[in-house]
């Protein structure tokens, strides 16, 4: 099949790919050994924080004969908490170099060094009587999480067939939440969240890393990376056959990747600095920044931080609030799985917009309930409903969907640079919220949730105006949709509209798509 005007062979129509065992197992191995670490280490120190502080204090007494004053203990604990997102930021800054040199799968495997090292250090910290090992390990496991959170969506997005790209893309957030939930379960006082069990609790972060080291080498590297960046067409074809099944015609997908490769030959590999000045990717880059900043600044971490106070004000016994928190974690996981099921039916935009609408409404009602519950105590129960509603809203859109969209709106040659920016924004905003929210909450109290409602409105407005629906489109077609907004001429746009499911060839030098 050939376009007579351009003389470029066009790819055959895509058939619907079915979910194959190899693709499922690759996803499980890659996700469990990577972003699971992110979720687990976010939550693992929250419930038993008094146990850790006691260890810090006892260690100080053994060394100096006196206990720490409250300000010193608070400073050390703040360092323990904040070192994780700081490590995540460091990891996100090196991920571009790693995935270009060692590939997506290779980067995930090398990344396990950070997880295993931190697990060993945290596991022996009690025997060594050195709380400093915990703080150092939080940096290392943060680096692991930062690398994983940028690499896994890239890997899964490039492994997935077009009709399953959304569902597989949400697995990044699904496994983050599974990590959070298991950490909440294991850190219960009756299990490992106690004075004797906490070293094991922290060291468990090494188990997924070992499992991945033993399993992931047997699964294929990203076919797009193999073909477009390494030029190894036969290995890419073999990988596609393993991922799609032997009865699937992989040639249409191979031709689509060749088309993408041709569009990028004039562009070359973009660095992070070049990305900021590259006109054809201007709105894609802005969209990535808005999606990741909106995800964090919309208040999910603040709601989790404030949840225990809300539960206590509603009459929940402080010793039982850990179980209410566990219940919210279950809701989070269930709704994220629902998002994974419906994303290819409803699309990305509707999940993002409806999710932000729910979050905004929950923040507004929560503000009113918190302000009035001193005069109307029954409103404290409404506060709990608002927390759970917020979690539902964030779980169906703002949490899982950006991982899908950020992979889809950039092409292969710019993806690593874009994900470096993406990861840096994610971890920096995460760090800012964790650092500033306690002070904001003290200063303005319940009104702090109005700030998050405003962020939800602004982010949703941007998505509505700027970000197109990406469901069912190839990577090249999605970038064509951004062309007019970027002020770039695409002579093939008419062909895309009239000749679907053909994928256009884009040889124009200026567009570099």
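The backbone N, Cα and C atoms fix where each Cβ goes, glycine too.
Of the candidate ranges 173-193, 236-256, Swiss-Prot annotates residues 173-193 with the feature transmembrane segment. Under the topological domain names given by Swiss-Prot, residue 68 lies across the membrane from residue 103. Range annotated as transmembrane segment by Swiss-Prot, chosen from 283-303, 472-492, 493-513: 283-303. Swiss-Prot marks one residue of 57, 194 as N-linked glycosylation site, namely 57. Using a cut-off of 8 Å between Cβ atoms, the transmembrane segment (417-437) and the transmembrane segment (139-159) share at least three residue pairs, counting only pairs 6 or more apart in sequence. Here the transmembrane segment (173-193) sits against the transmembrane segment (323-343); at least 3 CB pairs are under 8 Å, leaving out pairs fewer than 6 apart in sequence. For residue 57 (N-linked glycosylation site), the number of other Cβ atoms no farther than 10 Å from its own Cβ, over all displayed protein chains, is 17. Using a cut-off of 8 Å between Cβ atoms, the transmembrane segment (139-159) and the transmembrane segment (352-372) share fewer than three residue pairs, counting only pairs 6 or more apart in sequence. With a threshold of 8 Å between CB atoms, the same-chain residues lying at least 6 positions outside the topological domain 'Extracellular' (43-78) that come near it are 126, 129-131, 134-135, 179-180, 183-184, 186-189, 193-195, 198, 201-202, 205, 322, 325, 329. The record assigns 295, 296, 301, 332 to the D-glucose site; their largest pairwise CA distance measures 16 Å.
Remark: the transmembrane segment (22-42) makes no contact with the transmembrane segment (323-343), by the rule of 3 or more CB pairs under 8 A.
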